[in-house]
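Trainee: Per TrEMBL, transmembrane segment is recorded for B:6-32, B:39-58, B:64-85, B:97-118, B:138-162, B:191-214, B:226-256, B:277-296.
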Amino acid sequence: MTDIAQTRPASFSAPSPRIERVPLVLFLALAAAPVLAPLSGAEGYVLSLLTRVMILGLAAMSLDLILGYGAMVSFGHAAFLGIGGYAVGILASHGVEDALVQIPVALAVSALFAAVTGAISLRTKGVYFIMITLAFGQMLYFLATSLAAYGGDDGMTLSARSVVAGAPLLKDDRAFYGITFVCLLGTYLFSRAVVASRFGRVLRGAKENPIRMEAIGFQPFRFQLLAYVISGMMAGLAGFLLANQAEFISPSFMTWQRSGELIFMVILGGLGTLHGAILGAAAFLLLEEFLPELLHLAGFMLSADLQARLVDNWKMVFGPLLILIVLFARGGIMGLLGRARPERREV
Amino acid sequence: MTPTLFFIQALNGLQFGLILFLIAAGLTLVFGVMDFINLAHGVQYMVGAYLVAAFTAWTGNFGWGLLLALPTALAFGLLLEVLVFRHLYDRDHLDQVLATFGVIVFLNQAVKFIWGAAPLNVPVPEILSGSVEIADGLLYPVYRLAIIAAGLAVAGLLYVLVSHTRVGMLVRAGATNPQMVSALGVNIQRLFMVVFGFGAMLAGFAGAMVAPILSVEPGMGDNILILAFVVIVIGGIGSIRGAFLAAILIGLVDTVGRSFAPNLLRFFLDPATASQTGRAVAPMLIYIFMAAILFFRPSGLFPAKR
């Protein structure tokens, strides 16, 4: 194989006009779910699980925008979930329950936090960047634990979901599912447009070779910072939705472990494919949800006591599973899907 | 803010800083030599605490418990290296972060499985119980002084090992330029195993030392791990000297800050607001401190020359 053939795929492929199969199937399946859910006999459960998948998928996708396309490993991304969530909780406790106020506030605060911390973090590179974003995430976490007026460590329960222009639109779970779906689809299409634009190409160029980008007249810093702000705002929106779904917020929204989970979802789905991040979030959450069940089934030969212990300690299986995924499933779910297609050769 | 209180808080800060140093030393060398991010370093601290709790309960003596816990922690570290970490050296940082994250999930659950979710208590060894008067009317627990002494002794030992022995020379060289060291014919893999096992044992030692004054519980390593990372990033990755200085600084800033932030703010704000803001700001202090240092020195106080 010649050198030219090897360098071709990633950097020079123009955004193709053809519709890709995976995201199409993904979004169609999510759109069809509310219709099919009643057949399962546990409609409420299925819808709420899928809503959660979409919300965390949105957060993971926002992270993939900077991680996959800009190589910025933000280890404090859960902070934005917290900002979005606390925007709901704090405003609601002061009587402002309208999403038309809460969402703009959540987005504005997320953007401000991203702009300030991003400007500082982007001065550093590599592992220092990972650590400084982690530090900012921790700062916000401890700030939340000390907000005694808003629940402190214990968090606060929302009295009701947000209203939209005075109407209790989010109250119904099916409507909430629909709105979450629209948010996810909207940010997905927006992200795709961002990635395909000139802006996105500069971002990818800066990831591969920042010095070259500077030489041809771009300042990578500005592009990276703007991408960081956009990503933070999307995650803030996910935080708004998450708080509304749970009708509860607490500092646990933004522990560093949560940030780690978000990174994991992105990697699991396949770095640098936006719909991959959504698939990764789905796989992670479904695994977390059904692993205890699976262990229960797998332990059918054991005594009831041992079976119960196995189910209680499902994380002892979950942890090694995560390690095995990292070791053996390189390229994540999208990598596996891509490998099945014959026209794309492994280099 | 009395001088006595300040002195006691400074001692507490020093003790905390030394514990942080014991953890950060292994972390920074592993990172410097193999360019390997080990999030599971914190659970090795937890494992050390659990081991000393188990062995102390078994032998009925803290000294024996500690003596048995240390080699076990070392063996455990080497086992992890062989099973998991060895396969991650040629991966990028992201994969390392994730795989070691899996190790955390597993071990936090495993100690819950073995010892239960309830915190364990390790009694303070009898010879080291009680307090001494270190100045007029100033009582300080003997055990905390013992931690300070042990921490300083280990730091000194580590200094001698790293700067005056052949292995230490290789480790220092490895932290600065691993390619060069392996080009000179040193088996960097084996060097790393030595560093890694030693680092795991130091973290385990730190866990064992604090077991009598903290409760031993699942997840106890998670937050201290983040602090250890803060320490090595401020100190400059791969630098033992940087880690020592940064650990003491962080220990002091955190401990002294927690007790004096409200008092200091009282100069600017009314008492009620001051104590409220003080409580909010105190836990954030070290992260603000870290951001400030990295703003002026993006690669830490003592960056390794590359």
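Just so you know, the numbers here start at 1 and follow the chain as drawn.
Just so you know, glycine gets a Cβ as well, placed from its N, Cα and C.
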Trainee: Under 8 angstroms, Cβ to Cβ: which one of B:6-32, B:39-58, B:138-162 has the largest number of such pairs with the transmembrane segment (B:226-256)?
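Mentor: Against the transmembrane segment (B:226-256), the leading stretch is B:6-32.
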Trainee: So, do the transmembrane segment (B:64-85) and the transmembrane segment (B:191-214) meet, by the test of 3 or more Cβ pairs under 8 Å (sequence gap 6 or more)?
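Mentor: The transmembrane segment (B:191-214) and the transmembrane segment (B:64-85): touching, yes.
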Trainee: Near the transmembrane segment (B:97-118), which residues from the same chain, at least 6 beyond its ends, have a CB less than 8 A from one of its CBs?
Mentor: 37-40, 42-43, 46-47, 50, 53-54, 80, 84-85, 88, 91, 217-219, 221-222
Trainee: What else in the chain is close to the transmembrane segment (B:138-162), if you only count residues 6 or more beyond its ends and a Cβ gap under 8 Å?
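Mentor: Distal contacts: 4, 7-8, 11-12, 14-15, 18-19, 21-22, 25, 124-125, 128-132, 168, 171-172, 202, 205, 209-210, 212-213, 240, 244.
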Trainee: With CB pairs under 8 Å as the measure, which of the listed stretches B:6-32, B:39-58, B:277-296 comes out on top against the transmembrane segment (B:191-214)?
Mentor: B:39-58
